[in-house]
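Engineer: Can you read through this structure? Questions will come right after.
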Amino acid sequence: MARGMESEEMLKSTASSLARRRLISLTGKAIETPHYVAVTSRGVVPHVSPDVLARHTSIKAVYFGLEDFVEKSSVDAPILTTSQTLEKTSDGSALHKFTGLPGRIATILGPRRVPRVTCPAQSTDKAISICTSVGFRSLTAEDYLHAASSLRPDVVVSMADIADTDTISRKRTEKMVDRTHSWFTEAASELAPTKARTQLYASILPLDNVQQQLYLSDLADDESPSGGPAGLALYEFEAAATLPAELSEHARFCISNPSTPQDVLRAILSGADLITTSFVTATTERGIAFAFKFPPPQSSDHQQLGIDMWSTSHATSVTALSTECTCYTCKRHHRAYLHHLLQAKEMLAWTLLQVHNFHVLDKLFVAIRHSLDAATFERDANAFIACYADAFPAGEGEDRGPRMRGYQMRSTGRGEDQKRAKAWGRFEDPSGTASGADSPSAAEFENDQARKVSEAIEGGGEAQLALTADDFEHLGLAEKVKESQ
Ligand SMILES: [Zn+2]
């Protein structure tokens, strides 16, 4: 067993699938697996401030992509310059302090966020391409390791060369493994002195060639001077099947992008211990409340995975999102309130939904672990896959949620349309000539108001000056709620 794995013990494994139960220690923070890892954006789990996270969720581990903190160069990123000051003032992880995360939560740092945006430039022998808030940049292995040792997360994922194109030549795949291999070796020697406080996970590419075999046998070799990795980071869960027996004891962290609970079950069936679940935030932002449970209910009807809270059918409903749920949202609020908050575009809507959705996800993982203990997991997982719809309902909030135009959005190519129409641009054109016929410019609107005021004065003050709902909608300040079907 590799060094750094002493505290890790196997609890149980099922013979029928690769799914397994373990107790994994992320630099002293013990996590029973299978377990999810919440994905952060720019230092926070979206919609959940650190105090809400501590009080109303059971999140145990979070993932950060370094590119979220980098602007021009990773060396002068505020997280690093501030962290140096934090480092001098007290003990503990600079990443925890900078992000305000409670100390009990384990942090995992990788170079790129999940899901990653495809970069136009290819990697080189020294650097990978990253997508920052000010555009595409490159991140060298040296700068990444410098950041990792300054920030001191509980786990650092070694840098990987991933080609995001559909077809990759054989030569390119060989290069991908060679670079990933040498970046791991570099990381192992650089981070060796800080091993007690930061574990290193080796990136494993979803490939199977000679270079990969060499890389894997090198990782399994305990005799290497800097020691083996504390765990493995898999970019596709299928890669777990290609791992040699010598690496079977290592923790497997799946940095993939599952879009449904079914995908999570498939990853666990393939042997994933920890898995990133960015679909929680994506679903919350579409205004969908999770409505699944594991094992699934015994019903012949096809069940929906979630409830669309934008639907006007909830407008007068005073029942909880789920009558069985014990989360903060379900105990204190009803569907009509959630629906109203969404309509009013109150940020609280997404916070309450996120609290509920993480609670349901927690329940899913607790039930998965029970099911593995009872050796019924494979049966329960198959029943779940058969019982529920293959995807979350699209819902009416598809293009109405928050963070639609942020750089974290997956782009599908050059010149992609913006997710939302520009609402405020009308104020930029005082002449009003660029505006559409049925959307008055600010100048037209003001003239109209001035006319109403003078009419009101001339009429002896009896006429009322008021803005109608149409006025607000024309100005892009609000939208009228659609009529119930
Ligand atoms: Zn709930």
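Using the three backbone atoms N, Cα and C, a Cβ is placed for every residue, glycine included.
Keep in mind the model is a prediction, meaning the values are calculated, not measured.
What TrEMBL lists as domain 'tRNA-guanine(15) transglycosylase-like' is 19-388. Feature annotation from TrEMBL assigns Zn(2+) binding site to Cys325, Cys327, Cys330, His356. The region 'Disordered' annotation in TrEMBL covers 398-449. TrEMBL lists 413-429 with the feature compositional bias 'Basic and acidic residues'.
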Engineer: What does DSSP call Cys330 (Zn(2+) binding site) in the simple three-state scheme?
Structural biologist: helix
Engineer: Hey, which of the binding-site residues Cys325, Cys327, Cys330 is the loneliest by Cβ count within 10 Å?
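Structural biologist: Lowest Cβ count within 10 Å among the binding-site residues (Cys325, Cys327, Cys330) is Cys325.
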Engineer: Applying a 10 Å Cβ distance cut-off over all chains shown, what neighbour count does His356 (Zn(2+) binding site) have?
Structural biologist: 26
Engineer: Centre the Cβ atoms of Cys325, Cys327, Cys330, His356, go out 8 Å, and tell me which other residues of that chain have a Cβ in range of the Zn(2+) site.
Structural biologist: Ala320, Leu321, Ser322, Thr326, Tyr328, Thr329, Lys331, Val355, His359, Val360
Engineer: On the 0 to 100 pLDDT scale, where does the domain 'tRNA-guanine(15) transglycosylase-like' (19-388) sit on average?
Structural biologist: 91
